[in-house]
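Participant: So that we are looking at the same thing, I have put the structure below in structure tokens.
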Amino acid sequence: MKNINPTQTAAWQALQKHFDEMKDVTIADLFAKDGDRFSKFSATFGDQMLVDYSKNRITEETLAKLQDLAKECDLAGAIKSMFSGEKINRTENRAVLHVALRNRSNTPILVDGKDVMPEVNAVLEKMKTFSEAIISGEWKGYTGKAITDVVNIGIGGSDLGPYMVTEALRPYKNHLNMHFVSNVDGTHIAEVLKKVNPETTLFLVASKTFTTQETMTNAHSARDWFLKAAGDEKHVAKHFAALSTNAKAVGEFGIDTANMFEFWDWVGGRYSLWSAIGLSIVLSIGFDNFVELLSGAHAMDKHFSTTPAEKNLPVLLALIGIWYNNFFGAETEAILPYDQYMHRFAAYFQQGNMESNGKYVDRNGNVVDYQTGPIIWGEPGTNGQHAFYQLIHQGTKMVPCDFIAPAITHNPLSDHHQKLLSNFFAQTEALAFGKSREVVEQEYRDQGKDPATLDYVVPFKVFEGNRPTNSILLREITPFSLGALIALYEHKIFTQGVILNIFTFDQWGVELGKQLANRILPELKDGKEISSHDSSTNGLINRYKAWRG
């Protein structure tokens, strides 16, 4: 993978000139000039997904210049490097192969000359056997009762992905009740334990090293709670499984290493739901549906790795994102799913994007002088419309938005879905085209009112429009289509990281806070006043000690 400063390319300079020509062009102008704009600026993924990017401040020339940037930054070479198992995570000397976890073609993928697919398939087979025993009731707890509840204990990628997917695919779930514990705040584990019975609960401890502070603190609290009821430590093996590679620590905890599900250092945490970390997904929706999830992602992997950049959906979305982030100065992107089951999707890609591309040092080790990853946020529609859409419509900040919705709902109650989708379509239209002063005044006339007497309020009812959006319409949210959608966003993030010349697959930014927390923890054990930090940190610690007594 090459290290190219994007701002030094000819394509970047051409884009800067083009931006000067485009900055005052409106989306309304673009549609007025081209009645065929939708067909030119939309694409489908099989019969599963339609991506409409026509309501953006772009022309065919814009996209051509952005494609030139991708070529100059050798995006095609970077894609080949990732899929071939090259160690593109150079700061940790690791390959990046979440694509191998869902490689349904079983084509060999090599790391250090060794095909990883046999090991991937062996773990999948183990997940299948284990999950079938739990779901069928064949697996019994220490009193002979079948498992009814599963508690996944993890944090970051070991929590966000499985939680998001099990919620998104709730229509496919079986009888098992799923719970997720991540926060080291004791309230999280305490509230979950109130809902479950030690005789019928299975805990999944998701930590590659089996040393993650938050996860192991929660796991030990769960173990203590369980043993208060079960008594004998030998029963731990019937109620705990590990998603880890540290067999020694897993065994010492009391977990049978036969129920330890491994993954590899070429699986990044925020890309790990496809691995053993996805065991909670398998237990929730069954192995066959999990395979469908993998198959959908694999289909998008094939699209990304083989489709020319001009028609490549992750590449197109990535380039449009760079256009706003690096030329228009937009600092955020909103992800707005119009489906309640998808309520954790934005939070999942908040980590997926911000932990991946929130970097200020480039691949050469130099501090960048251009913008890197955007701030990602969002909530499901229509809730967001009654919360933050005001700022998107009439605020002073540009917020490019992705609107996501299924054409077919899993819950066809009355006309709920038509009302939901009418809002989905209306919002992108309103954001693009707005509402002029003339229209506001005409509305007053139609109501029999004189606009002149209401002049003081007219400006507040004007919508400038020209707010960019992408619309992603799925036929239906299924395991397959969700897998494809997740992979679409993963590859968008990778593409942007390649072009921005940063390392997308490390996350050193999480380390400093952890180091300092480990230093501070012993200082909180007693009541002595602290003076070892800056005055602010000392003051906070000392007030905490005074108040806790």
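Each Cβ is built from the backbone N, Cα and C atoms, and glycine gets one as well.
So Swiss-Prot has the following annotated:
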ACT_SITE  E355  active site, proton donor
ACT_SITE  H386  active site
ACT_SITE  K514  active site
MOD_RES   K80  N6-acetyllysine
MOD_RES   K228  N6-acetyllysine
MOD_RES   K234  N6-acetyllysine
Participant: Could you list the residues of the same chain, at least six apart in sequence, whose Cβ is under 8 A from the Cβ of K234 (N6-acetyllysine)?
Facilitator: G254
Participant: Please give me the CB contact count at 10 A for K228 (N6-acetyllysine), counting all chains in the structure.
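Facilitator: A count of 9.
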Participant: Among the recorded positions K80, H386, which residue has the fewest other Cβ atoms within 10 Å of its own Cβ?
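Facilitator: Among the recorded positions K80, H386, the lowest count of other Cβ atoms within 10 Å belongs to H386.
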Participant: Do me a favour and check the Cα-Cα span between H386 (active site) and K514 (active site); whole Å is fine.
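Facilitator: Pair distance, Cα basis, whole Å: 37 Å.
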Participant: Counting Cβ atoms within 10 Å across all protein chains shown, which of the active-site residues E355, K514 comes out on top?
Facilitator: E355
Participant: Out of K228, E355, K514, the recorded positions in the record, which is closest to K80 (N6-acetyllysine) when you go by Cα distance?
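Facilitator: Result: the closest of the recorded positions to K80 (N6-acetyllysine) is E355.
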